[in-house]
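Record features, source TrEMBL:
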DOMAIN    56-517  domain 'Major facilitator superfamily (MFS) profile'
TRANSMEM  120-144  transmembrane segment
TRANSMEM  150-172  transmembrane segment
TRANSMEM  184-205  transmembrane segment
TRANSMEM  211-229  transmembrane segment
TRANSMEM  249-268  transmembrane segment
TRANSMEM  280-297  transmembrane segment
TRANSMEM  317-339  transmembrane segment
TRANSMEM  359-378  transmembrane segment
TRANSMEM  385-405  transmembrane segment
TRANSMEM  411-440  transmembrane segment
TRANSMEM  452-474  transmembrane segment
TRANSMEM  531-550  transmembrane segment
Amino acid sequence: MGTINQDETTSLLSRSTKVDCRTQCDENNSEFFDESLVPSSPPISIFSLVPNLIWIEISLFSNVFLSGFDTTVTASTYETIGGEFSAADRASWITSSYLITFTSFQPLYGSFSDILGRRWCVLAATSIFGLGCLGCAISPNILILDIMRAITGVGGGGLISLSTIVNSDIIAPKQRGIFQAFQNLLLGLGAICGASFGGLISDYIGWRWCFILQVPIAFLAIFIGYLYIENQPEFHQDDFHSVNLTAKIDFKGSILLVSSLVLQLLVLNFGGNEYSWTDPRLTALMGLSLIVSIWFLKTEGETKASPIIPLELLNGAFSYILLGIGVLAGISNYAYLFIAPLLFQVVIDDSAAAAGLRLALPSLFTPIGGLSTGYFMSKYNCLPHLVRTGSLTMLLGNALVLLIHGKTPSYLISLYLAFINLGQGIIFPSSLFSFIYAFPKDRQASSTSTAYALRSIGSVWGIAVSSAIVQYTLRSKLFSELARLNYISKEEISKITTGVIKDIGYIKLLPAEIQKPVVGVYEVALKRAQLLPIICCFLSLILCFLRDIFKPKTQTGFR
């Protein structure tokens, strides 16, 4: 999340003119004040204390819903989009390009909103997101679509973080948990709708409508936000003109992080596909990626602005372990979102709509896991056990996915995926708060943004690596498998291989005797890629036990 400079108890309640009579009497003549003379009053609703709170929350929660919807709607449609542009081998970039800019800009919105004001930052983030979605809807080719997705990610990085920041301004700490729970529910509902309706929309009226339908919701949120969202009390318009933005906001770090992630994705995209892993051009690209990554870390250590990843938080084994769990959870989550729709469409022969619906019911277990985690955290203070439970549940679910084949009953598939989603709902908040609570209060905002940034980087890696595994396996095994059919020439095999890699819809056009081995190879490729989230969940579980060994001596520092 973004950096929040004001104290957690700061509130916009100062806008209200209501004054408690006890406070007024105490201030004016405290020595003669008798509390028993003041009549008791009924509890005051938070909705009466904060002007226009319902409208503010409608605007903020619309943004949260859009963030959840956009995540899963692309997961259920990216292969359809890639097939239309004959670029299924580059379809993972539809999600990756969004995540790169999302990851780089999400931590900056806290600093932006402190300097520019909450109101204009919320409006700007939602506007960029909405315009990006509109650009996606009218994109003529895969390259323009990827660029538009990157622009959408710039705005998307602020949708959730700014909602949390604004609510921290206006909601008292005692009620904040309720609003955070609603925010999590809206995020989960958006994800469920994206998974459920994305493929359906794509199959019946076209994938472009998946982006078009987000635009009116975004602009409704902008209109309501313009009318009712206000800046934080300590913000003064006059101060803005005296602020040096480049001195306060880590633009250089953001650019270097984007460059580093793009270079890493290019290595994974080209390696084993366009070039062999020993090709000098690929080696040079890997070297450049390493140099830029080191430059980014050096910049984060030296910058006077609010860094994207404050290196002073990485000061012990305990912090690395907790952040490692978050990164591994991010890798597992997006690898699963990449692999599952492909598995349903190729191996089970689902349409895009049916594949999306298969993701819908299990998605309900993510908010269930999140709400359960919140309850057990507050009731029993058992964060270490929750992190282990989340890792183990995700490991079980991802391992069970290996059992899915063309004849697997639908109820079993839903059960397997439910374990994954339940585990995600548990591990994401529990690993986040484990890291945050290891620091004193004045460092919790920066620790929050660091945890989110590294989890998002893991998400980028999850898609990129799983896509690279699938593409490499298809290219290496399809030729040898089809060569066993003696009546197919090398030229025909090459044509089939290219067609399958560019568009999974091409498989359905093949004769049955060729289609069967092609589907078999695709299944092998997907099962190999599925090993990635399994390994990550296993490593996460190991880190959970190491966490107990390296736990801090105090609540405010590491060993």
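The backbone N, Cα and C atoms fix where each Cβ goes, glycine too.
Keep in mind that TrEMBL annotations are predicted by a computer and have not been checked by a curator.
For the transmembrane segment (184-205), the neighbouring stretch richest in Cβ pairs under 8 Å, chosen from 120-144, 211-229, 249-268, 359-378, 385-405, is 359-378.
Per-stretch counts of Cβ pairs under 8 Å to the transmembrane segment (411-440) identify 317-339 as the leading one among 150-172, 211-229, 317-339. A contact between the transmembrane segment (531-550) and the transmembrane segment (120-144) is absent, since fewer than 3 of their C-beta pairs, 6 or more residues apart, lie under 8 Å. Long-range contacts of the transmembrane segment (150-172) within its own chain (CB-CB distance under 8 A, at least 6 residues past either end) are made by residues 1-2, 4, 6, 8-13, 46, 50, 53, 56-57, 60-61, 63-64, 66-67, 70, 97-106, 108-110, 112-113, 118, 121-122, 124-133, 135-136, 179-180, 183, 187, 229, 232-233, 449, 452. Across 120-144, 280-297, 385-405, 452-474, the stretch most heavily in contact with the transmembrane segment (249-268), judged by Cβ pairs under 8 Å, is 280-297.
Remote same-chain residues near the transmembrane segment (452-474) are listed as 1, 89, 91-92, 95-96, 99-100, 102-103, 106-107, 161, 261, 264-265, 268-269, 271-273, 308-309, 323, 326-339, 342, 428, 432, 497, 500-501, 521-522, 524-526, 528-529, 532-533, 536 (criterion: CB distance under 8 Å, separation of at least six residues from the stretch ends).
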